[in-house]
Amino acid sequence: MAGSSSSLPPLCEKISYKNYFLRAVDLTILGLLFSLLLHRILLMKQSDNVCVVAFLCESFFTFVWLIITFIKWSPAEYKPYPDRLDERVHDLPSVDMFLTTADPVKEPPILVVNTVLSLLAVNYPANKLACYVSDDGCSPLTYFSLKEASKFAKIWVPFCKKYNVRVRAPFRYFLNRPAATESSEFSKDWDMMKREYEKLCRKVEDATGDSHWLDADDDFEAFSNTKPNDHSTIVKVVWENKGGVGDEKEVPHFVYISREKRPKYFHNYKAGAMNVLVRVSGLMTNAPYMLNVDCDMYVNEADVVRQAMCIFLQNSISNSNNCAFVQYPQDFYDSNADELAVLQSYIGRGVAGIQGSIYAGSGCLHTRRVMYGISLDDLEDDGRSLSSVATRNYLAEENLAREFGNSKEMVTSVVNALQRKSNPQHSSLTDFLEAAQEVGHCDYENQTSWGKTIGWLYGSTTEDVHTSLGIHSRGWTSSYISPDPPAFLGVMPSGGPEAMVQQRRWAAGLLEVLFNKRSPLIGVFFGKLRFRQSLAYLYILTWGLRSIPELFYCLLPAYCLLHTSALFPKGVYLGIIVTLVGMHCLYTLWEFMSLGFSIQSWFVSQSFWRIKSTCSWLFGIPDIILKFLGISETVFVVTKKTMPEIRSESESGKSQQEDDCPNQNSGKFEFDGSFYFLPGTFIIFVNLAALVGFSVDLLQQLSYSHGGSSSGMAEACGCVLVVMLFHPFLMGMFEKGKYGIPLSTLSIAAFLAVLFVVFSLGKLVY
Ligand SMILES: O=c1ccn([C@@H]2O[C@H](COP(=O)(O)OP(=O)(O)O[C@H]3O[C@H](CO)[C@@H](O)[C@H](O)[C@H]3O)[C@@H](O)[C@H]2O)c(=O)[nH]1
Ligand SMILES: [Mn+2]
């Protein structure tokens, strides 16, 4: 394994991004927020409801900023040096790579195929890799596509390695033709590969419409008479790397799994799928490290595994094996996620500088032992072997079966994993098919610790954050690396119904974690969660709750304008709030521009943030209330992923920029008849009504007395700001088709807005 000489240069370095100026800005904003609260208290009159509501909202915003200041205090990340790996490490550890897919319609098989190909082709010894695909859709089409992909892989992987291709997902690689100066051998190979890839696409496409191949091939028998939610376990070894000679030895093991599903069982969505992947891979290859990606997140940098290994192995060289996982940022090749990029860059690096990055569900390498539930305290001082107490606890035969389930083979593999031994080399993957069937059963996990303390944790639709919290609460740290170019790229739904569904699921899932027994509020007292780390968790776990003050704050200016009361009292208070808004705008704008994003992207993101919190996160709250009342469970609705068309330059005639952002739409927001768009439409109606009322008043005053009073001006500015932020709804009122707000939503929102206006004006009577 790793050479121990410490005179050699390290495999990675921790880079710290401390910035005193930014700290000063964060503290100034915090100071302004506190003085704002103080003024509210001083100005508060008895029974001034507006003032109380505004105070509560502002307290929440201050609390959020306080957390942000804590998180951002000492940002850091790791810089790996993969070039040093070969001279220092003679025998690289194995890695099992997991990919999950759930629905062949929302997640087109050709997209899954591309991600799989990019995994199979990573720059790492092929005999140290195994790729496992979990298909919750139990789709013969997905299986068929993967089989075809494995044939293509036999020419694709050697091609990538021969020419040191960087982007190893064909659909992205073939977007750009190589420069004319490249050798003619390469050009020939390139053309041949492109033709073969197009053939693969056609095969998958043809199979999509027509299913005669299903009956013709015995291999698909397992899929007959199955439904996605009702079938037995299917495990297929698509390709086994038996060494051998030539190109074939370049393709890693490749296994397809569709775990058993029965209508009366709850399947725990992605977390359940991940745990089956952990078990089946444990039986077959039992690698000490596990890489997991969503089906759309292809590898964009061939060295990803080597980079992460630099962190793990440097840890092991320096005897401080406390890093449980290495997380890469989630980057996207469409332009719908600029805001997420900024969030990861500032908040993400901040958290990385505390106890370590939060696991984000994809683009992460985990250590198998940690996933089997051990704590940092269970290791000896050398950071390798289990302590004698832990050995007694974990390795006792009866405990093992109780915790990990009744499969003998599984128990053996767990013992090996905990002691960092590999499974015996001589066996073939197919020898484990029977055991794999067993561990894929619905009731295998009954009465075991899977999902409770072992593996991916159950009980939340954001299983990633939940699992991450479990790991950090056991004292482990994690590392964050963000190479340039990005390590993984995926798709993000554009503004519209898909995004709303996804955001609502996130908000509900995060609240599930906030209110369960692993809550960071508890972890910091009873677990090994560091204080600032617990604040970092609080920051995201409270996204759903933030919707309430945001909603109120979008309505307050309009209410006050209609009610002719002051939301922003003149004098010091008004001065502070204007400074705050100005500073916050400049600060966030700087954050965007420093990462190369445009002013427009900043504005769209500010707008989308308000929309998602008031229109989507808001519905996460009833979701968890219903769950806690035992009325309904939260649901993991898979987001639709669209595969961009490949166009040759001559056909498309489009610019490089457009080719690189295949999902870029016209920048317009999409609507449908769902209730998500009701709050936004309501907000825009109410604010417009208030502004119209205010303008009429102002005109009247002007005509009577040649100079209106300035009362209400600050609130009117507030309304203008809200209208600007919700401008997609303003445009949606005049658009048709998918860009227009449906009449039903408009009518209900208008009705509610009238009630609101009457309510606000009604107060005048008293
Ligand atoms: O029952 C299910 C549901 C989903 N998935 C898979 O889970 C992944 C993520 O689903 P997606 O619809 O893309 O959700 P996102 O909201 O985009 O995913 C983000 O948020 C999830 C929940 O926090 C994390 O699991 C993901 O890794 C993270 O990328 C996909 O590969 C799915 O195929 C399953 O395998 N089984
Ligand atoms: Mn996704």
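Cβ coordinates come from backbone N, Cα and C, glycine included.
Where the annotation comes from TrEMBL, it is an automatic prediction and has not been curated.
Taken from TrEMBL as is:
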type: TRANSMEM; residues: 20-38; note: transmembrane segment
type: TRANSMEM; residues: 50-71; note: transmembrane segment
type: TRANSMEM; residues: 536-559; note: transmembrane segment
type: TRANSMEM; residues: 571-590; note: transmembrane segment
type: TRANSMEM; residues: 675-699; note: transmembrane segment
type: TRANSMEM; residues: 711-733; note: transmembrane segment
type: TRANSMEM; residues: 739-761; note: transmembrane segment
Annotated stretches the transmembrane segment (711-733) and the transmembrane segment (536-559) touching (3 or more Cβ pairs under 8 Å): yes
When you look at the transmembrane segment (20-38) alongside the transmembrane segment (536-559), do they share 3+ Cβ pairs under 8 Å, ignoring any pair fewer than 6 residues apart in sequence? no
Distant-in-sequence neighbours of the transmembrane segment (675-699), which means Cβ under 8 A and at least six residues beyond its ends: 497, 500-501, 504, 551, 554-555, 557-559, 561-562, 611, 614-616, 618-619, 708, 712, 715-716, 719-720, 722-723, 726, 728-730, 732-733, 741, 745-746, 748-750, 752-753, 756-757
